[in-house]
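Going by TrEMBL, these are the annotated features:
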| type | residues | note |
| --- | --- | --- |
| DOMAIN | 4-33 | domain 'Galactokinase N-terminal' |
| DOMAIN | 77-157 | domain 'GHMP kinase N-terminal' |
| DOMAIN | 256-318 | domain 'GHMP kinase C-terminal' |
Ligand code: GAF
């Protein structure tokens, strides 16, 4: 049988966390770390996944429920491919990836989107990247059971390495945002991994759902921050979750403006404010990441913040290009558990 290949990048979110299921904006960028899938269709309903040097191998069935196993995204993607009419049976998949798992860099979305893209080639279908991203979110929400938004799937499906997009998660309109040529967006892993399936992401989503009801507003990002602060009779935790979403959405808009003006000082200050909001209002940071962010800034980054779903994973920092290597070695010397993952410099 013929084989079909797809490569999909990891993503780093520059700013706009937990806004994507609250009707707001996000600003993700594609990394050079990436995931490759080679798909060979099968006529039976079996799935064989080989991810040597990455995860191992697994034998699954198209008819199986999610098992909280690393191969669930692949199985869910193949079930979705079947329901889209892209495949008739199972498949053999060979996966290679340089995207660290559990790092907040969308390794799961990359696997799902890569399988869907390879299935699209196998069917000679013209289904769009955006439609595949929407299908990939269904796999996360309905098959795996993570109530995530749409940012990761769109980011990895439509952007090229080094490219950032401002994405409106309500309309799915997006546009490319030029990154500063004289600064690098550096991605450093804290050394503390986390899983989106561990329940904490779901808890935040439930708190946001409760906030939506308490404030009587469908999109938390569209609430006025002062209204959130002043509204009487709101539970303190719910108020803080809503405040993060509303202020974070506004920070994304301001960040896009700052980048358009080439103002990396203003952009960095917004990253710092974003981190403080994630730490204090959304309570999704951990002490090791707070310390990494503080040192990233004291060593010369114009701004730094936790990136991704939270509770571990990576930080992203905006660092003057000429000092990035020294900045990095000084930072890693202070944080032995941390490690360099990738950096983006505008081309
Ligand atoms: C994870 C989710 F998958 C995204 O949808 C998004 O909510 C992000 O966390 C937080 O901004 O990556």
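Every residue, even glycine, has its Cβ placed from backbone N, Cα and C.
Keep in mind that TrEMBL annotations are predicted by a computer and have not been checked by a curator.
Here the structure is a predicted model, which means the values were calculated and not measured.
Long-range Cβ contacts of the domain 'Galactokinase N-terminal' (4-33) within its own chain (Cβ-Cβ under 8 Å, at least 6 residues beyond either end) map to 39-40, 97-100, 104-107, 109-110, 113-115, 117-119, 121-122, 147-152, 154-157, 159-170, 177, 179, 185, 187, 204-205, 208, 212, 218-222, 244-245, 248-249, 251-253, 255-256, 270-271, 274, 278, 282, 284, 305-310, 314, 316, 341-342, 344. Per-class residue totals from DSSP over the domain 'GHMP kinase N-terminal' (77-157), listed helix then strand then coil: 47 helix, 7 strand, 27 coil. Residue counts of the domain 'Galactokinase N-terminal' (4-33) by helix, strand and coil are 0 helix, 18 strand, 12 coil (DSSP-based). The DSSP breakdown of the domain 'GHMP kinase C-terminal' (256-318), given as helix, strand and coil counts, is 34 helix, 9 strand, 20 coil.
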